[in-house]
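Student: Sharing the feature lines straight out of Swiss-Prot:
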SIGNAL    1-26  signal peptide
DISULFID  CYS34-CYS72  disulfide bond
DISULFID  CYS44-CYS59  disulfide bond
DISULFID  CYS60-CYS85  disulfide bond
DISULFID  CYS70-CYS92  disulfide bond
CARBOHYD  ASN91  N-linked glycosylation site
Amino acid sequence: MAASKGNAAAAACALVLVLLAVGAEAQGGGGGECVPQLNRLLACRAYAVPGAGDPSAECCSALSSISQGCACSAISIMNSLPSRCHLSQINCSA
């Protein structure tokens, strides 16, 4: 059961990354350059679940290759998801 939940979480994370890439492209303003950068983050999907070990070298390389503009755009899109889905903002502070 735990492995199933882990696989589901990894799949959900991968889906979010792909959606962010598509969203960045749809927003225009050079978003097309972000798509390949964000797609490379799929190498990080195993790390993006609670309890994961250290990220792989491939993940770290992918993360280091993302431009600041693409990273900020992806974070902005991710932060807007709850309100766009008519949900409360997620507060992760303790």
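Cβ coordinates come from backbone N, Cα and C, glycine included.
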Student: Taking only the Cα atoms, work out how far the residue listed as 'N-linked glycosylation site' lies from CYS85 (disulfide bond), in Å, as a whole number.
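Tutor: It is 16 Å, counting Cα to Cα.
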Student: Tell me, in order along the sequence, which disulfide-bonded residues from CYS34, CYS70, CYS72, CYS92 have their CA within 10 Å of CYS60 (disulfide bond).
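Tutor: Checking each Cα against CYS60 (disulfide bond), there are no hits.
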Student: Compare the Cα of CYS34 (disulfide bond) against each of the disulfide-bonded residues CYS44, CYS59, CYS70, CYS85, CYS92 and report the nearest.
Tutor: CYS70
Student: Reduce the DSSP letter at CYS59 (disulfide bond) to three states and note it down.
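Tutor: Once the DSSP labels are grouped into three classes, CYS59 (disulfide bond) ends up as helix.
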Student: Would you kindly give the Cα-Cα distance separating CYS70 (disulfide bond) and CYS59 (disulfide bond), rounded to the nearest Å?
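Tutor: The Cα atom of CYS59 (disulfide bond) is 16 Å away from the Cα atom of CYS70 (disulfide bond).
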Student: On a count of neighbouring CB atoms within 10 A, which of the disulfide-bonded residues CYS59, CYS60 is highest?
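Tutor: Sorting the candidates by Cβ neighbours within 10 Å, the top entry is CYS59.
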Student: Which residue, of the disulfide-bonded residues CYS34, CYS70, has its CB surrounded by the fewest other CB atoms within 10 A?
Tutor: CYS70
Student: Between CYS72, CYS92, which of the disulfide-bonded residues has the fewest other CB atoms within 10 angstroms in the structure shown?
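Tutor: It is CYS92 that, of the disulfide-bonded residues CYS72, CYS92, has the fewest other Cβ atoms within 10 Å.
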Student: Rounded to the nearest angstrom, how far is the Cα of CYS44 (disulfide bond) from the Cα of CYS70 (disulfide bond)?
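Tutor: Counting only the Cα atoms, the answer is 16 Å.
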